[in-house]
Amino acid sequence: MAAIATAEVCDTNVSYLANGDLRVLQPIFQSYGQRRTFSGPVVTLKVFEDNVLVRELLETKGEGRVLVVDGGGSMRCALVGGNIGQLAQNMGWAGVVVNGCIRDVDEINGCDIGVRALGPNPVKSNKKGIGEMYVPVHIAGTLIRDGEWLYADSDGILVSKSELSI
């Protein structure tokens, strides 16, 4: 899939921005991983300080999808670390967006995936397996539904109701 520039998408889709079919996440995320630009269909997950379901989803074939994890914005522990980043790469995920923290930043930066997170935290998460998969999540001022499309580059992150073509 060719990279789509988010600025160009916004410039050429003003009506979609106005009606909500195309949404822009607030610029609160830091960029990690080797892919600065990534896109794909969204898989949603809602958890809080527990990454069991993060691993469970990333153990499935990614097929170019993007996992969007609503970690409730918690800065108290990491939901993704180096092993999970490597798993995401090996299973074919395009990227992971975490409304929370990551750890093992140097390891994640060596992975051929795109990762966006609020920041790093060296503390590991709980392991209880509590959360909800495939549910609508609200992060960075934006509602994101399972099956929508996410586009990320150095300018920001967009979510679209359907796949875009430019």
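Note that Cβ sites are derived from N, Cα and C of the backbone, with glycine treated the same way.
Pulled from TrEMBL, these are the features on record:
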- G81, G82, N83, I84, R103: substrate binding site (BINDING)
- D104: Mg(2+) binding site (BINDING)
Binding-site residues compared (N83, I84) - highest count of Cβ atoms within 10 Å: I84
Cβ-centroid neighbourhood (8 Å) of the substrate site, G81, G82, N83, I84, R103 excluded: A78, V80, G85, Q86, I102, D104, E107, I108
Binding-site residues (G81, G82), the one with most neighbouring Cβ atoms at 10 Å: G81
Among G81, G82, N83, I84, R103, the record's substrate binders - longest CA distance, Å: 10
Rounded to the nearest Å - Cα separation of the residue listed as 'Mg(2+) binding site' and N83 (substrate binding site): 9
Neighbour count (Cβ, 10 Å) for the residue listed as 'Mg(2+) binding site': 21
